[in-house]
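The structure appears below as structure tokens.
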Amino acid sequence: MEEKPFASILNGAVPGEPVKKDENSRRGNWGNQIEFVLTSVGYAVGLGNVWRFPYLCYRNGGGAFMLPYFIMLVFCGIPLFFLELSFGQFASLGCLGVWRISPMFKGVGYGMMVVSTYIGIYYNVVICIAFYYFFMSMTNLLPWTYCNNPWNTPDCSGVVGQDGTLNTSLANTTSLVTEVVNRTKRTSPSEEYWKYYVLNISDDIGNFGEVHLPILGCLAISWVVVFLCLFRGVKSSGKVVYFTATFPYVVLTILFIRGITLDGAINGIKYYLTPQWEKVLDAKVWGDAASQIFYSLGCAWGGLITMASYNKFHNNCFRDSIIISITNCATSVYAGFVIFSILGFMAHHLNVPVSEVADHGPGLAFVAYPEALTLLPISPLWSLLFFFMLILLGLGTQFCLLETLVTAIVDEIGTDWIIRHKTIITLSVAIVGFLLGIPLTTRAGIYWLLLMDNYAASFSLVIISCIMCVCVMYVYGHRKYFKDVEMMLGFPPPLFFKICWRFISPTIIAFILVFTVIQYKPITYNDYIYPGWSLAIGFAMALSSVICIPIYAIYKVVRSPGATFRERLKNACRADPNWGPALKEHRTGRYAAMTSEDAVEDCPLKEREELKEELKEEQKERKDDISLTIQGSNGSTTTHNNPNPSA
């Protein structure tokens, strides 16, 4: 009796053990559990770990920021991660199919698809820019080292002089020169390379200009790479992640060892870690910590549900959720050491505070860090490593975004033909994603990329996640869901997670939503202020995912049987008869097809009583449905032969 749960927990993850046959032969499973963990780590660990977390950390009190960050991880991040993994694994369905749990809320799944579509479009553009920098680093001299290029302006002032030594005008430590440097508007060669050569940026978001062909070519390459890694679904991507999910840690370690040996590195790390405890009392710090945990783990994107849906039914996703969540957050902290050791070195040479060379977002990845790389011996080598790391971090997330869309489409249509020809769907989604990304390769592309990044996946994710918690815990019922998890894992969710799912996590999610609204400021890019019409488009993108929820709910209530609105609402919220484990052998207990009370007698005593009560409820519901069929609201005979129409 003890061997079965032990084997189910390992689920094929023993090194050297032969790959087991797919449990779900029609849909497929991961080759082994290591592939799922690595894929989920690659999904959660992305570009934001490198350019957003370190920035938030030093902006919000350095080491003091770690306290609210880890508190939010424990009370919000890990519980939500476990909820989504268990949700997808139990039903073996993607972000649309799982809403058989309560069909009225299927709009949440469509909202997740919309969010993943937006992110997938602009995320691959960021990857393609990393590809571009990677190719440009294949040279003896990095092109953003000096100010003697055709695209440079008179304001350009390089860190490295033309003779290869440090620019003395910037390295001089006298107070007079420092004052001049701080007073003068200096633009670095890396900033001008980014702005005037790579982007060739226009003066307005509406002024698209021409497409930058090298960037377009890199975009095509990035989409081809994503497709080739996903053309066989999780069977191919599961093998690729052995490299894409692990090699960034090798690069981070190499850069970390190099970084801490540089002059001034210790100052950067001190700036990164020195706690400013007074900031812990600031609500903004807690809001940033909660938001960073929420967004960095990829909650409400649909990817976690999708990846877990390819697990075997009895896989221990509780263990996986803890491992993946902690790995993601530890990576953020580790990346901070790497980034700030280099920025400390740069600040030391420029004789300026670390705060003046630190940046976030694309500015850190494509301006500040490339400039710091020019100061290192054999700088092209370090540049190649850094941008290769960015490419792999981006691809790990992009794989799951594309698989989320493809899986949702395939599960929704569900025919044998589309399952056999899933590769065609993958190719079609990749082509559409490439075409929609072309406007982001124009001269106004960076404006649109930042607009999508700030609005497409902001407060909409918080709303989607909050509604998901409410639906599963309160509409479907927390007792039912706890039993589902126990049937799947062999043990009920720990009490801490039960409390978090029902009370603490939804409260924190609501706090994040309020904080996001209060903290809202219109987006800007450097000195450029976005016009009102572009902000309206941004809000439209944000609302386009949320609006799916009420629209589908209204549609489902209207289509559901019932003489009154209350009856229609009840039927729309009731779990679909097909809800539950995908395979017949796992549909035990209340999911077993029982036609008489005699079948109940074969169950253990405790389960027998529960089944009897559930059978009575089902019989009562059937009687209600029959009475609705006999008499409609107007007293005439009405036929409702589809009590749960699929839509």
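Every residue, even glycine, has its Cβ placed from backbone N, Cα and C.
Quick look at what TrEMBL annotates:
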BINDING   Gly42, Val45, Ser296, Asn328, Leu393  Na(+) 1 binding site
COMPBIAS  612-626  compositional bias 'Basic and acidic residues'
COMPBIAS  628-647  compositional bias 'Polar residues'
DISULFID  Cys147-Cys156  disulfide bond
REGION    612-647  region 'Disordered'
TRANSMEM  36-54  transmembrane segment
TRANSMEM  66-87  transmembrane segment
TRANSMEM  108-135  transmembrane segment
TRANSMEM  211-231  transmembrane segment
TRANSMEM  240-260  transmembrane segment
TRANSMEM  293-310  transmembrane segment
TRANSMEM  322-347  transmembrane segment
TRANSMEM  381-402  transmembrane segment
TRANSMEM  423-449  transmembrane segment
TRANSMEM  455-478  transmembrane segment
TRANSMEM  499-520  transmembrane segment
TRANSMEM  532-555  transmembrane segment
Legend entry - Residues of the parent chain within Cβ reach of the transmembrane segment (66-87), under 8 Å, 6 or more residues beyond its termini: 57, 98, 101, 275, 280, 285-286, 289-290, 292-294, 297, 299, 304-305, 307-308, 317-318, 320-322, 324-326, 329, 333, 465, 468-469, 472, 484-485, 488-489, 493, 497, 500-501, 504-505, 508-509
Inset, instruction - Verify whether three or more Cβ pairs under 8 angstroms connect the transmembrane segment (240-260) with the transmembrane segment (423-449), leaving out any pair fewer than 6 apart in sequence. - result: no
Inset, instruction - State the residues, same chain only, that lie 6 or more residues beyond the ends of the transmembrane segment (532-555) and have a CB under 8 A from a CB inside it; answer 'none' if no residue qualifies. - result: 104-108, 110-112, 114-115, 118, 205-206, 447, 451-452, 454-456, 458-460, 463-464, 467, 522-523, 572, 647
Inset, instruction - Using a Cβ distance cut-off of under 8 Å, indicate which of 36-54, 293-310, 455-478, 499-520 has the most pairs with the transmembrane segment (240-260). - result: 36-54
Legend entry - Cβ-based neighbourhood (8 Å from the centroid) of the Na(+) 1 site, residues Gly42, Val45, Ser296, Asn328, Leu393 excluded: Val41, Tyr43, Ala44, Gly46, Gly48, Asn49, Thr331, Gly396, Thr397
Legend entry - Interface-richest range of 36-54, 211-231, 293-310 toward the transmembrane segment (455-478), CB pairs under 8 Å: 293-310
Legend entry - Distance [Cα-Cα, Å, rounded] between Cys156 (disulfide bond) and Val45 (Na(+) 1 binding site): 35
Legend entry - Candidates 36-54, 108-135, 211-231, 381-402; stretch with most C-beta pairs under 8 Å toward the transmembrane segment (293-310): 36-54
Inset, instruction - Would you kindly give the Cα-Cα distance separating Cys147 (disulfide bond) and Gly42 (Na(+) 1 binding site), rounded to the nearest Å? - result: 37
Legend entry - Other CB atoms within 10 A, centred on Cys156 (disulfide bond): 20
Inset, instruction - For the transmembrane segment (211-231), could you work out the same-chain residues 6 or more beyond its ends whose Cβ comes under 8 Å from its Cβ atoms? - result: 124-125, 127-129, 131-132, 135, 198-200, 237, 240, 244, 395, 398-399, 402-403, 406, 423, 426-427, 430-431, 433-434, 437-438, 441-443, 445
